[in-house]
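Colleague: There's a structure below that I have some questions on.
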Amino acid sequence: MHPKALLDSCSELIKQVLKFDHPADMVVSRYFRELRLGPRERATLAETVYGVLRKKNLYTYLAQHGSGPVERRLAILGFAAERDYLLSALSDQEKDWLARCDQVKPSDLMELHRHNLPQWLVEPLKAQLGDDFWPLVESLNAPAGLDLRVNTLKDKRAEVQKELAKEAIKTVATPYSPWGLRLADKPQLARLDAFTRGAIEVQDEGSQLLALLLDAKRGEMVVDFCAGAGGKTLAIGASMRNTGRLYAFDTSGHRLDALKPRLARSGLSNVHPVAIAHERDDRIKRLAGKIDRVLVDAPCSGLGTLRRNPDLKWRQSPKAIQELTAKQTAILQSAARLLKPGGRLVYATCSVLRDENEAIAEAFSAANKEFNVLETAPLLSQLGVEHAEKLGSGPYLRLWPYRHETDGFFAAVWQKAQ
Ligand SMILES: C[S@@+](CC[C@H](N)C(=O)[O-])C[C@H]1O[C@@H](n2cnc3c(N)ncnc32)[C@H](O)[C@@H]1O
């Protein structure tokens with residue numbers, strides 16, 4: 001594609017994404033379906049759009065000056081390709097403006113243009129993180145790597161690693177999860193035999209650790225309360241060695257449908273997907289007091305996944321967080337009713353906000369004296385995780401992209417009294 005046409009496409013896609021009426025990944029995929037593009041052009045388009053979302057405050061500030069439609073100026077600033085290629089698409093006036101933008105130093109900028117966050121997010125993060133605010137911001141504004149989870153029902157991690165190496169795919173074992181492989185690049189995975197036979201799934205190491213914390217065992221009755229497309233369900237089913245019964249609940253039948261092909265590949269037959277109307281659905285009530293382990297991977301702001309979903313910081317709001325916390329509290333309370341005496345409850349989110357994490361866990365503990373908090377670090381050590389003490393914050397699991405190279409995650413674990 002000619003650079004001028006590619007830059008025009010970038011501007012058009014940025015215009016669509018910045019309406020924020022749909023998630024960015026959905027808008028990008030729809031655009032790709034409509035236009036016939038090669039893989040390199042797709043990569044440039046997607047990286048340009050994501051780059052603009054990551055640095056929206058800075059680029060909007062720089063784009064105040066210059067000429068032409070603002071989306072075009074944003075596309076020029078974020079254009080994810082060689083500089084010479086970009087310059088060949090620009091007018092002389094645009095080249096001059098870009099040269100002036102290049103001369104702006106970080107020290108000339110206001111804080112807002114350096115952290116690229118909405119103001120409502122800055123105060124809670126600074127209060128929580130202190131000096132770690134800037135390392136967190138930098139890590140959230142960088143692209144994420146790619147992790148795989150090896151399905152240990154099918155193969156051992158070391159064997160899959162060798163198999164991938166034969167396909168020239170370099171990986172290293174993830175430092176904490178015993179099931180994980182971290183990829184050096186982003187190869188096409190769907191064509192690999194390891195993928196089609198269900199030996200690997202894409203899953204961030206942090207997500208793997210949440211499933212590990214449930215420690216589901218052979219023959220147990222287990223519920224994944226907010227199973228979605230089943231990323232964690234698959235890991236839990238494998239740790240149950242395909243025995244017992246694993247209910248995958250979700251209010252979205254559409255998401256549960258996406259679990260089905262993954263289940264077929266995984267070789268699991270102990271998983272029972274159930275679309276529920278809400279967290280007080282009668283089908284859940286029938287299971288009250290009968291379940292050994294329950295995972296609540298709660299609907300949340302997703303602010304721990306900004307490396308992958310940078311649009312979320314612009315699509316969330318204090319009001320949305322308030323509504324989410326009410327929902328999280330209600331779901332956790334209903335899910336807890338499922339547990340047998342002695343059973344384990346895990347509450348998890350991919351948010352970095354205290355309100356969605358510690359605050360929910362503390363309120364639950366205060367209102368439910370029969371549930372005792374278990375410290376996550378010793379639990380993970382017992383499960384073979386090395387340096388698990390680095391993953392804890394008080395009794396809870398807290399993962400941060402700048403410390404652990406995972407998305408931002410939280411988990412609290414309780415045991416119901418006998
Ligand atoms: C964080 S996502 C789950 C991701 C999934 N566990 C995974 O590992 O891929 C949260 C899920 O909660 C579901 N959800 C929202 N409200 C719910 C409710 N009241 N009861 C059960 N699930 C709910 C959403 O549809 C969404 O799929």
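Backbone N, Cα and C atoms are what each Cβ position is placed from, and that goes for glycine too.
Per TrEMBL, domain 'SAM-dependent MTase RsmB/NOP-type' is recorded for 136-417. Look at TrEMBL and you will find D250, D297 tagged as S-adenosyl-L-methionine binding site. Taken from TrEMBL, the feature active site, nucleophile applies to C350.
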Colleague: Which one of the binding-site residues (D250, D297) has its C-beta surrounded by the most other C-beta atoms within 10 angstroms?
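Modeller: Counting Cβ neighbours within 10 Å, the top one is D297.
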Colleague: Where D250 (S-adenosyl-L-methionine binding site) and the residue listed as 'active site, nucleophile' are concerned, what is their Cα separation in Å, rounded?
Modeller: 17
Colleague: Could you find out if DSSP has C350 (active site, nucleophile) as helix, strand or coil?
Modeller: coil
Colleague: Just counting, how many other CB atoms are there within 10 A of the CB of C350 (active site, nucleophile)?
Modeller: 25
